[in-house]
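Peer 1: Have a look at this one.
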């Protein structure tokens with residue numbers, strides 16, 4: 001059996017392989033249902049797979065635990081292959097454009113109905129800024145629908161290219177459940193932050209100075225403490241990411257309709273609930289862009305801690321509890337195995353014999 005150190009040092013060289021051997025290294029795209037687990041993976045020769053090299057299951061588990069640090073290095077090295085492809089950079093651009101559109105449209109809906117005469121004037125960074133958290137019910141519905149429809153539209157446009165994350169919380173959830181590589185996740189988050197900042201900058205440039213207010217910055221509502229804000233952001237991001245994973249579970253046979261619309265409606269629902277509490281961010285990039293452009297950093301850490309933690313917990317929860325192929329073995333493989341593929345974990349089927357008094361012969365079914 002090859003040591004894990006040897007596996008880490010193996011560098012696939014397609015040019016040096018025969019046509020038959022090259023098939024092992026040919027990239028295959030796994031987009032799944034809804035494309036949100038879009039990733040690039042490489043098939044490795046069977047000798048690289050370690051599943052058949054152990055005496056028994058206990059030997060395999062012991063090896064995985066003892067070589068955890070080396071497994072991490074193996075994952076990172078394999079993910080670096082991805083960055084050399086054109087598909088990767090198209091996905092990065094898609095995330096930039098998607099987040100740009102989200103902030104431009106969504107934050108625009110937060111400021112366009114401001115009543116300048118009734119706004120509260122506060123002092124931020126030596127600059128007077130018109131600010132009010134007293135949204136009317138109509139304003140909240142407008143904001144919720146704008147964000148929800150924006151997310152639906154963006155996912156529909158770019159899901160086949162990048163997965164349509166446009167949200168660091170979704171990207172972190174995909175990373176921790178190993179649907180995307182560390183390299184892809186890191187560059188995606190940078191692209192999302194840059195896209196949000198660009199969108200906020202353009203929104204500031206096209207909005208009259210007396211009306212831009214805080215430019216849609218997410219701020220805690222009256223009486224809402226930072227810890228409360230983290231809890232609210234955790235909860236709404238948990239709901240959003242749970243919806244994303246459920247809508248894009250390719251093994252579910254009961255899914256129908258438009259998955260982008262389903263995700264967009266979850267965003268709308270969370271906004272209707274949480275706008276008065278925290279501004280309903282559930283997206284670190286959406287909060288970061290306006291905050292950077294306006295220089296408003298009040299309790300900004302809330303919009304990093306809440307959404308990121310909520311996204312990670314939600315992704316792990318769905319993938320290992322609610323997913324069709326959820327199992328303890330899959331959870332262990334996700335956390336420890338150097339080579340992990342969600343498709344390797346197929347739900348077990350059992351043949352049941354159902355005997356009813358009215359049946360002439362027993363009926364059999366597979367579940």
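Note: Cβ is positioned from N, Cα and C throughout, glycine not excepted.
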Peer 1: Transmembrane segment per TrEMBL sits at which of 118-139, 140-161?
Peer 2: 140-161
Peer 1: Looking at the ranges 259-281, 328-350, which is given as transmembrane segment in TrEMBL?
Peer 2: 259-281
Peer 1: Out of 92-114, 140-161, 226-247, what stretch is closest in contact terms to the transmembrane segment (182-206), meaning most Cβ pairs under 8 angstroms?
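Peer 2: Against the transmembrane segment (182-206), the leading stretch is 92-114.
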